[in-house]
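The structure under discussion appears below in the form of structure tokens.
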Ligand code: GDP
């Protein structure tokens, strides 16, 4: 239990209908009690945990606000300590006055993430669950939300903790063998141990592989939209966005620099990067734009090549060659080819596009024709299987690194078992693997690590 009591605003700063101020620590209830006059005349200290009380907050003989106070007594609170939540009216002035009052009464201003840090230190949640709290707060699409929720409920760390437990068991048995080295006994059944290592390898591999999906879900899937000026890139983005956010302009070459827009499609965040085309040019600014286009394709997971079908109907061969250029340069990268402005074309012309350009999607950003097919194609490109099957997905780079290291160590253990490595050397590799497992769940931490993790939280969480 910490000695000091911390206070912070838990709701966003600014004015709103109500604001919530939180206190956590051993004096939380006493401090709140000293400035609270309940309507019923009861004192807060005598109230049961998980109860709410109406009253006034007073500073000397000045009444600051009419408030609701929620009481959570340790250990049954978010932090595991005594927690008070004051719901006051959301004026900036009131919020500040109440916080100042609590500070004068002996609270200390909470650091970023300090409530969750205390929850972690008091064993209310493990480290990966604590990290999921931050992910949950920042999740802005369905997929990111689902993963954060799952991680917060402990789905991922409980699996790791279980395996760690089993591994620890074997480590102890092997270390015990070392104590009886002269007698040449085997406490740890090698066949069972091999079976466990196989299981761990399988789980680790699945979790490591899931990071590719997890990462795109958390950060959005980058999509480069490539096309000459005026082919309708911004209009297409707007059609996808359903609101006029990107700049639409008649002047050729206005999208010289890149614009990024994140759009949620089917619950996934897609980051569209609007780039200049790749046509030959003598204009210096334009050729910088073209260099950028290639850079953006490289950074993206998917490329959309957009061309103006009405303008190029007599020069489709050139378009085809340009598409080939991109395909040849990035053979591994999914490329969606879109013929835009088809509202200006007749059936014969549409047929001509279909026969000249392979796998082309006919679209009109203006009328919206083909936009749904585009969003379906985009969704088909990402592997959403793991998410649909509710499998655990790793989104956190720190976890990913620890999993990779654990995997490496487990491979060493496996090799050791296969080659009848001596128990003392085997034990070293197992301990290393255990260490990396522990890094994920927080059995093994240090102040720097905790500092880094919780510094990224908001104050008040
Ligand atoms: P960008 O330079 O590639 O971003 O192109 P814009 O989105 O600014 O579009 C250039 C012009 O083409 C604008 O006047 C748009 O209204 C027009 N435009 C875009 N898409 C379509 C379409 O599908 N059909 C028609 N007829 N015009 C379009």
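In case you wondered, yes, glycine gets a Cβ from its N, Cα and C as well.
Not measured: the values here are computed from a predicted model.
Residues or ranges marked as (6S)-5-formyl-5,6,7,8-tetrahydrofolate binding site by TrEMBL: 22, 85, 124, 461. Residues annotated as domain 'TrmE-type G' in TrEMBL: 220-383. What TrEMBL lists as K(+) binding site is 230, 249, 251, 254. Per TrEMBL, the feature GTP binding site maps to 230-235, 249-255, 274-277. According to TrEMBL, the Mg(2+) binding site annotation covers 234, 255.
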DSSP-derived structure type at residue 124 ((6S)-5-formyl-5,6,7,8-tetrahydrofolate binding site), helix or strand or else coil: coil
Residue, out of the binding-site residues 22, 124, 233, 461, whose Cβ gathers the largest set of other Cβ atoms within 10 Å: 233
Cα-to-Cα gap, residue 22 ((6S)-5-formyl-5,6,7,8-tetrahydrofolate binding site) vs residue 234 (Mg(2+) binding site), nearest whole Å: 45
Residue 233 (GTP binding site) - helix vs strand vs coil (DSSP): helix
Close-lying binding-site residues around ligand 1 among 124, 233, 461, where CB distance stays under 6 Å: 233
Where the record names 22, 85, 124, 461 as binding (6S)-5-formyl-5,6,7,8-tetrahydrofolate, the maximum Cα to Cα distance in Å: 18
Neighbour-count leader, CB within 10 A, binding-site residues: 85, 230, 234: 234
When distances run from the Cα of residue 234 (Mg(2+) binding site) to each of the binding-site residues 85, 124, 461, the nearest one: 461
Nearest recorded site to residue 230 (K(+) binding site) by CA-CA distance, among binding-site residues 85, 124, 461: 461
Distance, residue 233 (GTP binding site) to residue 85 ((6S)-5-formyl-5,6,7,8-tetrahydrofolate binding site) (CA atoms, angstrom): 49
Helix, strand or coil at residue 22 ((6S)-5-formyl-5,6,7,8-tetrahydrofolate binding site) [DSSP, three-state]: strand
